[in-house]
Ligand code: NAP
């Protein structure tokens with residue numbers, strides 16, 4: 001029997017309706033939640049991402065500010081803007097779209113964001129809080145994956161979870177969130193020997209490598225939940241994930257499509273994090 005789809009668009013709609021209610025309640029108290037998005041340079045992909053983030057804010061009752069700067073902006077100028085936003089009471093969340101131009105130290109920039117406004121959850125103090133089980137912000141993509149598991153009432157506690165990919169923005173925080181939810185977690189990276197040996201043990205398999213078809217049907221445990229974070233282009237230029245969806249769906253119990261899976265959840269969780277920041281004020 002083919003796997004059931006976990007529809008990220010549908011779940012996002014439901015979660016965004018809750019976001020809009022919480023935003024309206026805060027606005028009624030004179031505390032409309034606000035997100036500032038900073039884009040440096042003119043990468044077409046980044047322009048689409050920031051436009052979508054700002055539109056999602058506007059559609060759900062959040063105040064949003066898009067600050068666009070030339071690629072020639074200096075690091076000092078960017079740090080000064082972040083400093084100003086850190087003390088702006090109308091702004092609860094600050095997001096700097098990555099990647100930044102090579103002359104700007106992204107690490108320094110992220111560390112300049114006030115941790116209580118770091119809605120991406122990338123600041124080292126937020127990474128530390130997540131690691132020690134007291135997260136202030138959960139990074140948006142892994143947070144969205146946890147909501148997807150919750151939406152199918154999956155018993156994460158005691159499950160074998162395998163995360164393929166160990167980046168600071170997806171794989172590592174994903175592993176932490178799964179661990180905190182009671183899963184037994186394995187993290188795989190590019191040096192892992194016999195990836196399939198690990199993935200076949202997974203009741204929950206989260207794949208985030210940026211490598212198309214890295215997980216094939218024979219690497220999936222029958223009945224597993226397969227969550228595909230990857231975003232790649234196939235030979236025809238169509239968006240696709242890291243999992244061989246066409247074949248893996250006949251083995252998995254649940255699976256996320258690409259597009260329409262984790263992608264929309266990431267922006268939704270950015271809105272949730274901004275609301276959480278505003279509610280703490
Ligand atoms: P990244 O920083 O490039 O990290 C990729 C990770 O995959 C690394 O840890 C790497 O291992 C691991 N990896 C690479 N080849 C592997 C292999 N053959 N076997 C096992 N692990 C392997 O990428 P990222 O930022 O985490 O993003 C991953 C993918 O998710 C990309 O396609 C990205 O576009 C997508 N993404 C999607 C969303 C969304 O909203 N849907 C959000 C964020 C990212 P090493 O550590 O050994 O190098």
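Every residue gets a Cβ built from N, Cα and C, even glycine.
TrEMBL does not curate its annotations; it predicts them automatically.
Per TrEMBL, the features are as follows:
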{"type": "BINDING", "residues": "165, 166, 167", "note": "NADP(+) binding site"}
{"type": "DOMAIN", "residues": "6-120", "note": "domain 'Tetrahydrofolate dehydrogenase/cyclohydrolase catalytic'"}
{"type": "DOMAIN", "residues": "139-280", "note": "domain 'Tetrahydrofolate dehydrogenase/cyclohydrolase NAD(P)-binding'"}
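Positions of TrEMBL features highlighted on the structure.
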residue	record	Cβ contacts under 8 Å, 6 or more apart
165	NADP(+) binding site	171, 188, 189, 206, 207, 208, 209, 210, 229
166	NADP(+) binding site	172, 175, 187, 188, 189
167	NADP(+) binding site	208
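The NADP(+) site, placed at the center of the C-beta atoms of 165, 166, 167, has further neighbours from the same chain whose C-beta lies within 8 angstroms: 163, 164, 168, 170, 171, 172, 187, 189, 208, 209. Here the domain 'Tetrahydrofolate dehydrogenase/cyclohydrolase NAD(P)-binding' (139-280) has, by DSSP, the following mix of helix, strand and coil residues: 52 helix, 26 strand, 64 coil. DSSP places the residues of the domain 'Tetrahydrofolate dehydrogenase/cyclohydrolase catalytic' (6-120) in helix, strand and coil in these numbers: 59 helix, 18 strand, 38 coil.
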